[in-house]
Ligand SMILES: NC(=O)C1=CN([C@@H]2O[C@H](COP(=O)(O)OP(=O)(O)OC[C@H]3O[C@@H](n4cnc5c(N)ncnc54)[C@H](O)[C@@H]3O)[C@@H](O)[C@H]2O)C=CC1
Ligand SMILES: O=C(CO)COP(=O)(O)O
């Protein structure tokens, strides 16, 4: 970066050091990690997490530890937690929304009277609401109104790595360019690079579908099919995501960027992925209800898989891998049958 640009961006970031309070909706691993990332670089600011569980609040406030989701990490002193939405929202200048997609509507409906109409909501949740087929960029405005400022933050970013301060690159997507730049400056740090884009749909659909593809990658791992199969599967999955995302209006640069290819690679190959882990266990022959019952963390791809079938129909695209995941998840076929069916599809010419 040229020095002149460095100093310009420094000036802008100094402005955001005046952010005194950020509220985090949801006290799981990613809400905590992103809140901590902000708290570390702005020690004079306050990060307040809004949780449902008073015992977890007590641990966060007294032991400075999220004992349920990230028990191996100490939280900075300027991170606190409350179960009171009024207390959490009072004076907040940004809200990070990290409640799982399927619970977002009910959660926001419950607190919407307390959310100021000018408060920017930064959604980090990745998935599609099953009941409506909507992305977060549709769900949030449908509850809070179209005028609520919103940004969608996505990209390859495991919560634990963010907690460890490892270098991470993400994308802030908003139709409001100035707001996307504010969020870029808010999160940018020596550990975190943040790109901006106006391609909200691209960022959101890639972030949602990569979770479904990661389940497929886990299945290949669990069935021990080997690296040839894994590479073929991930390449096919990338094509399917590109076909659907393009029809939905996503830009090519988004699909090949951090929130597309970047997050596909992380989630399909990274052992920290919950979606991939669900796939590994399915591939090893475990039943989905048992897998879900034994995990306290959300794997958004399980719910999103169900919606993919409708999207394939609506946008008239064939998505053999992604729809096979849906069939395995809903118990129609086993993981072995899915592999057999995909391998026995007609041989084809490469498609653009
Ligand atoms: N963990 C990660 O590495 C990353 C997660 N994400 C996304 O962030 C979102 C949140 O994920 P995590 O924090 O990892 O999940 P998590 O499973 O660690 O925690 C989920 C949190 O949501 C809360 N919650 C669940 N149902 C709720 C309800 N009805 N009302 C209010 N709160 C509720 C839980 O109590 C918990 O605090 C997901 O959409 C995920 O895809 C995005 C990037 C990375
Ligand atoms: O979205 C993620 C990383 O970018 C996290 O993936 P999992 O939800 O599969 O753990």
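The backbone N, Cα and C atoms fix where each Cβ goes, glycine too.
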Per TrEMBL, which one of 159, 172 shares the NAD(+) site with 26, 27, 28, 29, 30, 31, 274? 159
Note: TrEMBL has 274, 275 binding substrate, and from 58, 71, 112, 126 that site also includes 126
Is any of 29, 31, 159, 210 (recorded positions) within Cβ reach of ligand 2, i.e. under 6 A, and which? none
Can you name the residues of this chain that are 6 or more positions from residue 26 (NAD(+) binding site) yet have a C-beta less than 8 Å from its C-beta? 49, 50, 51, 97, 98, 99, 100, 107
Suppose we screen the binding-site residues 26, 29, 30, 31, 159, 274 by Cβ distance to ligand 1 with a cut-off under 6 Å; which survive, in sequence order? 26, 29, 30, 31, 159
For residue 31 (NAD(+) binding site), nearby residues of its own chain (Cβ under 8 Å, 6 or more apart in sequence): 24, 25, 49, 96, 98, 99, 124
Listing them in sequence order, which of the recorded positions 27, 28, 29, 30, 210 have their Cα within 10 Å of that of residue 275 (substrate binding site)? 210
